[in-house]
Each structure stands twice: as C-alpha cells, then as structure tokens.
Amino acid sequence: MLIIAGLGNPGAKYAGNRHNIGFMAVDAIHRRQSFSPWSKKFKAEIAEGELGGEKVLLIKPQTYMNLSGEAVGEAMRFYKLQPADLVAIYDELDLSPGKARLKTGGGHGGHNGIRSLDAHCGKEYRRLRLGIGHPGIKEMVQNHVLGDFAKADSDWLEPLLETLADNAEMLVRNEDSQLMNKIALALGGKAEEEKPRKEGKDGEKKPAGQSHIRQARSSNQPKLPATGPMAEMLKKMFGNKGE
C-alpha cells in the first residue's frame, strides 16, 4: 500500500494559494484516476483507490500545514506502514515554477509541513517537490506562499498537474526518474537521459549523433583570398580546389 499525501491548508480561503499546490496535485490525481469520493478520517480528507494494481490512499491533512504530520502519521500507524510507503507532495520555494524534484529522505528545508512529517512519520519517505519560485526577498516569502497563483501561472501549472495525474502509477512503480522526465517534457524541457545537443560556432544546434567533422567547418569562416601573392602560395600548397 502507498499513501500519497498532498500538503496544504484547509478551507476556501487558502484553496488557490501557492502553498496548496500539494492539495492541488492529489486533487488532480483523484479526478484523473479511479478513487472513492473524499471522506473524513485521520484528521484529514482521504480517498481510496488503486494505481498499477496496488492499493493507494490519497490524503489531504486538515490540521493546517504546520501539523500535517499528525494526520499522515495517524494514517500510517493505522495501516502499519513504513516511511518507504509514503510520498509527500508539496511546494518548493527554491525551485523555479513548473520544476519538479523527487527524492527519498533529506531535510525539511524550512518547510513546516515537512518538519511535521519528519517528526511523526520518520524521514525516509519520498518527497515530491513542486516549484513555486522565490519572490527574491525574504520578507516577501509569507505573502508569496500564501498568495494565490496568478492567471498566467496556469500556463505551467495545468500541464504540471495533468502530467502528474496521468502518470501517477509511476509513483507506485518507483519510476521516479521517468516521472520527472515526463513532467520536464510536458513543460517544454528535456528528459534527463537525453543528451544535450551540440552547438557550433555559428550558434546552430545539431543533434548529438551528427558528425563533428562537418560542424568544424563553420559557414561563417572567412573566404580565402582568390588573387594576389597569398592566393598563389595557397594554390602551390593545396592545389586549385574549390571549397
């Protein structure tokens, strides 16, 4: 069994906040996949279903962000689960909007919801961080995270949530890097396994598999002199071959 916990604050007042992107993520999974209606248990809203043949519990703690671990920890104890059976989805200031990172364990990074999960659930669970960007000034952080997403943010927010929901089975199968690649590609980035394209002197990008020999002869190279002493010397050295 796997618990997928989205972190956020309950109530309509906070529904559109950047801090609630974890709630938005599990809501998207709930809409796209086959889950029971939301119900209340463990100081949370929960929904049961299956992904990839494995039982999955979606959970949205209703304790407010700073006490999220109370709800998730209670659910884990009820089902006798270990930290490895938990995926937490939450907002990350230090990632650009639309970026995602998934890893096991680590620190809380100043995120009080994760601090609470660490205290109640252990630390070796998987953490899916969804970037919301940093306002650039420490004093603006609270207003930033508790502010609503702008209308323009839908350009990256919708494909991010849709791609996560469409590929939620990858969380069950521990296909973490593949999921990150799916999200990156959906947001116009490149898959991590994809080799970067080489760039020539003229700034033209070429596929990684293309020969370097042709690229070494840039079209912007200066023309060789056709007349004069230098031209005569070059003809003697290389013959009268065209380029």
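Just so you know, glycine gets a Cβ as well, placed from its N, Cα and C.
Features of the protein shown, as given by Swiss-Prot:
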- HIS19: active site, proton acceptor (ACT_SITE)
- TYR14, TYR64, ASN66, ASN112: tRNA binding site (BINDING)
- 212-222: compositional bias 'Polar residues' (COMPBIAS)
- 190-243: region 'Disordered' (REGION)
- ASN9: site 'Discriminates between blocked and unblocked aminoacyl-tRNA' (SITE)
- ASP91: site 'Stabilizes the basic form of H active site to accept a proton' (SITE)
To the nearest whole angstrom, what is the C-alpha distance linking TYR64 (tRNA binding site) and ASN9 (site 'Discriminates between blocked and unblocked aminoacyl-tRNA')?
5
Most crowded position, judged by CB atoms within 10 A, among ASN9, ASN66, ASN112 as recorded positions:
ASN9
Using the Cβ centroid of TYR14, TYR64, ASN66, ASN112 as the reference point for the tRNA site, which residues of the same chain not in that list have Cβ within 8 Å?
ASN9, HIS19, THR63, MET65, LEU67, SER68, GLY113
How far is it from ASP91 (site 'Stabilizes the basic form of H active site to accept a proton') to ASN112 (tRNA binding site), counting Cα to Cα, in Å?
11
Measuring Cα to Cα, how many Å separate ASN112 (tRNA binding site) from ASN9 (site 'Discriminates between blocked and unblocked aminoacyl-tRNA')?
12
Translate the DSSP assignment of TYR14 (tRNA binding site) into the three-state scheme.
helix
Provide, as an integer number of angstrom, the distance between the C-alpha atoms of ASN9 (site 'Discriminates between blocked and unblocked aminoacyl-tRNA') and HIS19 (active site, proton acceptor).
8
Fewest neighbouring Cβ atoms within 10 Å: which of the recorded positions TYR14, HIS19?
TYR14
Reduce the DSSP letter at ASP91 (site 'Stabilizes the basic form of H active site to accept a proton') to three states and note it down.
strand
How big is the gap, in Å, between the Cα of ASN66 (tRNA binding site) and that of the residue listed as 'active site, proton acceptor', rounded to a whole number?
12
